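Per Swiss-Prot, compositional bias 'Polar residues' is recorded for 19-28, 40-52. Summarising the annotation, Swiss-Prot assigns domain 'KID' to 104-163. Under the heading domain 'bZIP', Swiss-Prot lists 302-360, citing sequence analysis as support. For S118, S145, S287, S290, S293, the entry in Swiss-Prot reads phosphoserine, with the evidence type similarity to another entry. If you look up Swiss-Prot, you'll see 19-52 marked as region 'Disordered'. The region 'Basic motif' annotation in Swiss-Prot covers 303-328. As annotated by Swiss-Prot, region 'Leucine-zipper' applies to 330-351, with the evidence given as sequence analysis.
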Amino acid sequence: MSKCGRKKYMKTNLRQMTMETIDSQQDGSLPDSVAESESAHMQTQTGQNSIPTLAQVSVAGSSTGRGSPAVTLVQLPSGQTVHVQGVIQTPQPSVIQSPQIQTVQVATIAETDESAESEGVIDSHKRREILSRRPSYRKILNELSSDVPGVPKIEEEKSEEEGTPPNIAAMAVPTSIYQTSTGQYIAIAQGGTIQISNPGSDGVQGLQALTMTNSGAPPPGATIVQYAAQSADGTQQFFVPGSQVVVQDEETELAPSHMAAATGDMPTYQIRAPTTALPQGVVMAASPGSLHSPQQLAEEATRKRELRLMKNREAAKECRRRKKEYVKCLESRVAVLEVQNKKLIEELETLKDICSPKTD
């Protein structure tokens, strides 16, 4: 075998030996010591600069610890022992320690549809409770009128669950029923019929119909209502929906007097002395809103038109007067300027006469 072939063979065997040693240490099968047979071909340096023989010897490989470089003990044929260190070294553990990073996880809890629905239901219940606690206008009116004498109280309208009052029968009657201070019930139907019932009567069955008649000399648009029942003292107070009404009969006269807390559509009526004589049991109710007949409406429109025209005429007259005053002022100013102009012309002629002889 030539020298080149020997060198290549030795290098190849040395690489294989070193790789096997490193693999055995990395696997960790022998943590304390590793004993194995390895074949090593060493080249001894002599004065002739050549490799005399190729020896195969048994060596003992030891490792000081895991991760340290592998050191192989090689015994030559001449009896000399050589320590051979592996070329490939395992990576050393880093001395620098990485800082410990504390990981914090933030979890967001989203509201589900059920929670949103439950909140909506709670809000609706609260709103209903607030609305149910609000007193009705009738309750407020009764509280305000409790200290005022002669003002009747209106019964609260009970809900459907509580049922109808015991003294009013449950029947479909398209009327508005009111209770007076004397206990009587006044029902006003849609057609304009007014009915009165006594306190002892059972519901609306005891209502008395009031006949609608016309008087000989009532005011235009007035309504004549006949009733049959009055209180013991001759006074009666009741509420009637609508505008202000004047009521008269043979003995008494009813005039509207609004309370401070009244809503405007529920005027109170008080009794006064009569001014005219009407048939017995007949009252005259005249509403100012019903007095506007077509003729009166036309007269009102004509009156407004005449008033507007009169204001326009007065404004035009004032405008003409101011224009005349302005023209007179301008005329007087022109007259003054003309007089001044004449004086200046005369002075100019005089100056010319004075200057002309000197030039000659």
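Note that Cβ sites are derived from N, Cα and C of the backbone, with glycine treated the same way.
Helix, strand and coil counts from DSSP across the domain 'bZIP' (302-360) read 58 helix, 0 strand, 1 coil. Distance between Cα atoms for S118 (phosphoserine) and S293 (phosphoserine): 60 Å, as a whole number.
Within the same chain, no residue sitting at least 6 positions outside the region 'Leucine-zipper' (330-351) brings its C-beta atom closer than 8 Å to a C-beta of that stretch. Residue density at S118 (phosphoserine): 11 other Cβ atoms are found within 10 A of its Cβ, drawing on all protein chains shown.
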